[in-house]
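Everything below concerns the one structure shown next.
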Amino acid sequence: MGPRLGVWLLLLLAALLLHEESSRAAAKGGCAGSGCGKCDCHGVKGQKGERGLPGLQGVIGFPGMQGPEGPQGPPGQKGDTGEPGLPGTKGTRGPSGVPGYPGNPGLPGIPGQDGPPGPPGIPGCNGTKGERGPVGPPGLPGFAGNPGPPGLPGMKGDPGEILGHIPGTLLKGERGYPGQPGAPGSPGLPGLQGPVGPPGFTGPPGPPGPPGPPGEKGQMGLSFQGPKGEKGDQGVSGPPGLPGQAQVITKGDTAMRGEKGQKGEPGFPGLPGFGEKGEPGKPGPRGKPGKDGEKGEKGSPGFPGDSGYPGQPGQDGLKGEKGEAGPPGLPGTVIGTGPLGEKGEPGYPGGPGAKGETGPKGFPGIPGQPGPPGFPTPGLIGAPGFPGDRGEKGEPGLPGVSLPGPSGRDGLPGPPGPPGPPGQPGHTNGIVECQPGPPGDQGPPGIPGQPGLTGEVGEKGQKGDSCLVCDTAELRGPPGPQGPPGEIGFPGQPGAKGDRGLPGRDGLEGLPGPQGAPGLMGQPGAKGEPGEIYFDIRLKGDKGDPGFPGQPGMPGRAGSPGRDGQPGLPGPRGSPGSVGLKGERGPPGGVGFPGSRGDIGPPGPPGFGPIGPIGDKGQIGFPGTPGAPGQPGPKGEAGKVVPLPGPPGAEGLPGSPGFQGPQGDRGFPGSPGRPGLPGEKGAIGQPGIGFPGPPGPKGVDGLPGDAGPPGNPGRQGFNGLPGNPGPPGQKGEPGVGLPGLKGLPGIPGIPGTPGEKGNVGGPGIPGEHGAIGPPGLQGLRGDPGPPGFQGPKGAPGVPGIGPPGAMGPPGGQGPPGSSGPPGVKGEKGFPGFPGLDMPGPKGDKGSQGLPGLTGQSGLPGLPGQQGTPGQPGIPGPKGEMGVMGTPGQPGSPGPAGVPGLPGAKGDHGFPGSSGPRGDPGFKGDKGDVGLPGKPGSMDKVDMGSMKGEKGDQGEKGQTGPTGDKGSRGDPGTPGVPGKDGQAGHPGQPGPKGDPGVSGIPGAPGLPGPKGSAGGMGLPGMPGPKGVAGIPGPQGIPGLPGDKGAKGEKGQAGLPGIGIPGRPGDKGDQGLAGFPGSPGEKGEKGSTGIPGMPGSPGPKGSPGSVGYPGSPGLPGEKGDKGLPGLDGIPGIKGEAGLPGKPGPTGPAGQKGEPGSDGIPGSVGEKGESGLPGRGFPGFPGSKGDKGSKGDVGFPGLSGSPGIPGSKGEQGFMGPPGPQGQPGLPGTPGHAVEGPKGDRGPQGQPGLPGRPGPMGPPGLPGLEGLKGERGNPGWPGTPGAPGPKGDPGFQGMPGIGGSPGITGAKGDVGPPGVPGFHGQKGAPGLQGVKGDQGDQGFPGTKGLPGPPGPPGPFSIIKGEPGLPGPEGPAGLKGLQGPPGPKGQQGVTGSVGLPGPPGEPGFDGAPGQKGETGPFGPPGPRGFPGPPGPDGLPGSMGPPGTPSVDHGFLVTRHSQTTDDPQCPPGTKILYHGYSLLYVQGNERAHGQDLGTAGSCLRKFSTMPFLFCNINNVCNFASRNDYSYWLSTPEPMPMSMAPITGENIRPFISRCAVCEAPAMVMAVHSQTIQIPQCPTGWSSLWIGYSFVMHTSAGAEGSGQALASPGSCLEEFRSAPFIECHGRGTCNYYANAYSFWLATIERSEMFKKPTPSTLKAGELRTHVSRCQVCMRRT
């Protein structure tokens, strides 16, 4: 234990020393430099004070730099269960789920689209016989027939005459001419039947026959619903019926109501009715089920289904291994102060912290004890600092004391003097607090700054009151007393353009000469160069000569709106204005008669009407009175600084007239000129009426009018403007005058403007020394003179009382001065608050201290040797004026100085005495032109005597100046009509017209196309039972019928005599007994003797007869029954032909065809059975249900499979055609299937073709019992099978081998009950088994193999009652682990264990954590002050500041990519998306965020999806809106497509900034300033909102940079559509912040409309600012 304690003591001592050393360094560092001023901050460090109160919570600081990676902390405790996490990403697709339960049958679907044409239907019935057609045209004549048979002999004719016959000779006569045709013979016998001729043309249909008698009821046919036929044409109306005959009916007695007659014959068809179409009927009953349809083709794969319901929560996974430590996270943002945690373990020692902010000033501490004196070490003189800020204006100094004396020349600056002795330290008032010094004197004016940007247009000023009666001559007062010299003024306004004098050289300064004689008159000089510019508002230059006309200038840009000018003089009446807009409709006025023209009335008071239209240019008005000074003009060019004005010089000689110069700029209005010569009287003008209108356009020059008659003499006019100077007249005779009397001295005049610089005079004669004048006022500082020659070294002067000189070079060390008296002891300060435990960081430099009391002067030191010159010191402040020294001796005359300003004009001298009158001289030569005389006074002088005689004819003068514009001429003749103009652009659409009158109803339309077939209706309700028909005639006896169907079960017969019957059916299940308590396990028993067989149980009572069930599946073949009693003899069969001896007999007779059963639901395809019968396997676990396989080709007939589960309802298929009758199949074994659930009614399918004869199948497994189904619909009757041919008579056969057992015969009548059978033999004794343990219930096994065929029972029994509880199954598999349980209650502390064995020595441990602070040690002795440390080496460059991911988006509103503002980095460029509109709803983007800058452009940048997993793109009327460029829209206003869209879409840039960005808005036309600490990124206009199609749109947050667009446009965006077009539309509006005057804040806004050119005068300006980092 000892060594370890020693180590701890050493560590503690080192820590204390380190702590003391750092405290001392901190104390010393407080006041070591020279920057502490006069504060002495040394002192002994006081004891550690009490801990202060906790301060207020500070504001959240800026995010710090990313620190270095910290050490890995210990693993934390297990946390509480967290909040549920965000939904994870979508997992991989799971296996198909178990099929759900069949849903309820759906509602009937919407009728589908028309299917393809079906197969040809069954031929329809013969149509009715048509009516007889019209008679056809006669046929062509037939061919000639064959010769007929010879006719009968004719009657005997008369004897003929023989002409020219010699009797006795027989002469043969000539052949006679053919005779006439004989009469037709009688018809011959009919000939043999000829061959069948070709079919003739279809004859016309005959008339309808009478209705036949009702036929016999036919067999029930197969009904197929054919397609609905088209609606037939309307038939021709029939002939009118016969008129009825009127009969007289006598009213008889009331008859009794007769019996209901028999149903009459069907009537003839009636005429078509005229009823309206009825309402749709109610749905009928359900129709009969159709046949199964054909198998459809395999469908295309379906779309992915909707997500299933969430599954059950999975089991908890195993706990994973501990992960590696992640990288340190970014510093989090403090959202709120959490609850105080428990005190943590002491951390590792931290690095030195950064310098903290300067803390608040503490209360003054207790004064420390004085420290030892420091060693004075003079510091190096620093380089000159930058000029300080301009100080405030100092107080005016005291007037200087002056002794008279001549002023000597300025001497050269002497060499720097030795430094003075050091002063005594100043006394403090006890509170060591540095106060700022007094304000310094005013510094010299700074360098002029860069010219500022052009300012915004000023706001319109208030209208000024006009000064109606102002005489400016009377307003000017007498001159005031001389004021003190003013500050140097700003440059004045530019003066009128003066003549420029030639610059003279600087001459030597001459002595004043005596008064010279007046010189001769010189020649007029040439026109001078322009002179220096000066400005005096009291002087106005003469009007310049008119110039040559200049070239027409280029058209200027549209200027900003100017300020309102002074009201002009009233103009003459203007021409009528242009047609105004259509006003509101006024009330109708009465028609007045035109009045006669009245006299011109006196001028009325000024009206307050609207500003009239622009009038023609008026004639020149009378000169106005001088106006009040105007508003300051625009900022002029920088003026040249000129000397202050001197007194006016003597008037110069007049120059000769120059050439006509160019026209000068328009001058400022001149002051009124001297009175001119009396002008001719002017005509009296018409008095003006109304306020002056704006100047009208320049009218066309009129034709010169005819000369008018001379006017009446007018009244005397006002003085005219001064005339232009005329050419010089001829030289007059010299006048003779007397000198006038001495005038009184005049009132001092207003100071004149400085005269022009005079010519250099020659050197004058030196004057006598004047008397010493009084001291003059301080003159302005002259320019520096040239350096003088080095004078001899003067004797040392009396020490002046002046300001301290510049710091000289350091002198050698002088002897130490005597100590000054101690300072006044300060008052005791307030006790300070206890300080913190550790020394704080070095504070900032304190403010300047109060000056201490001046110490007594020390003894002067010995003069030091000349030191090396020091660096120039900081210039000292300007000293106060010193006391004047005694006058020195006059110096030798210096070189000529710069000529002084011209002196003020001297007073008039006294007049000299008049001389005697001389003799008259000879007439001299004609003299030169004399100086112009002073203007004569016009007081009390007779104007008549002043007029001279008429002079000689003058020479022709030079061309006079251009005259003023003439007055308006008479109107000219009308011009030629102009050519037709081009057609204008279409106008705006007119207003909506009134609704028109209803039109005449149109003619009926053509019949519409055939409608599509309606959906299959539900079957109708059954119709009412028809009336019994008339009994038909007696039919012929029928053939013997087929064997009848099995009859109903007859009543029980009397007991028969016969063999005892079989045991009865199994009785009903008895009720289950109560479970017994389990017995104890018995001993193994010994083998018992075989028991007796039990007696058969009693027969159960017969159940009540149930409803007839639906036919079940055929049962298994029953055991061969005992021979029954003899049956009734059958009907005699037909005799067969004798047959040959047959082989082994075939299977029994073909059964009767059964009636169609209800179509069952289709079972799933069964697996092929195993051959043979195996041993039963172990029960397997229940497998998952497999997915349904594709439909295969039809296989061979398999063995019957397990009945399938209940299928879902299929869709209704079309009825299939009737199949051929199949071949008889072989008898198979049947299993009694379960009773199936009632399936939904399916469509009848096509009957399959007969398959090949399959082998007999194995007996099937017993199916699961289904739920009881509802009774099905009755099936349609099947078609009767064909009757077989009768066989031949067979020979008696040989005894054949026994045939296969025939099919089960019909059930015979019940037999007589039998006797009891004999007792069977006892069975063999079984082996005794071991008793097994009780197992857990097992899982349900697969169904076992089929048992042996059971006896066939006719009626399936009802289900029995539940049996007794079976034995327990085997132990099941282990279940999955259960869910995590709730956290248990903390257990109690266990008992301590036994002590363990002592372990081996452990490895040395790691360095322990910092222990708690020890108690403070005793106070140490003060150490000596340490020396100053060396300056540290330059630190490494700091890490660059991290951008904190502040994003800002800038839009150029042009096709150029914008630049990111300074201080930000580009991330990417894109296209400026403003908002999108889908499904008539808009969603906007904030233009200041990155979402408004899409990397790619499309007129339809989005698609839309629905819940059916279907998405559509560019398929309907959706829009997108983009910021646009100034590209003008095409003149055709057609939509823009393709590449032509590119110039219309604005580009944008997404930039990353190092700090927050926001927008500020001024709500004026001035650009707002960024807040303190923020810098500007760009300026713009305040954009708030936008809408377009359907009045939908969005807006910008005013704090976002997106609300400050750099360009103002009334249509800043363009609309694009999914069909690939873009355009501007009239329903697009943009909304901007307006300007608001402070005085208009809570008043009703004044409505106004701004036209193009003045839109920006009411839009607020804005600036986007970024916080400085």
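Just so it is clear, glycine is given a Cβ too, placed from its N, Cα and C backbone atoms.
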Candidate in Cys1548, Cys1551, Cys1662, Cys1665 joined to Cys1604 through a disulfide, as Swiss-Prot lists it:
Cys1662
In Swiss-Prot, the member of Pro137, Pro647, Pro774 to which 3-hydroxyproline is assigned:
Pro647
In Swiss-Prot, Cys1570 sits in a disulfide bond; tell me which of Cys470, Cys1460, Cys1493, Cys1665 is on the other end.
Cys1665
Any same-chain residues 6+ apart from Pro207 (3-hydroxyproline) with CB under 8 Å of its CB? Would you list them in sequence order, or say none?
Lys129, Glu131, Arg132
Provide the number of Cβ atoms within 10 Å of the Cβ of Pro204 (3-hydroxyproline), excluding the reference atom itself.
12
If you count Cβ atoms within 10 Å of the Cβ of Pro1424 (3-hydroxyproline), leaving out that atom itself, what do you get?
7
Can you give me the Cα-Cα distance between Pro1424 (3-hydroxyproline) and Pro204 (3-hydroxyproline) in Å, rounded to a whole number?
150
Reported mean pLDDT - the region 'Triple-helical region' (173-1440):
56
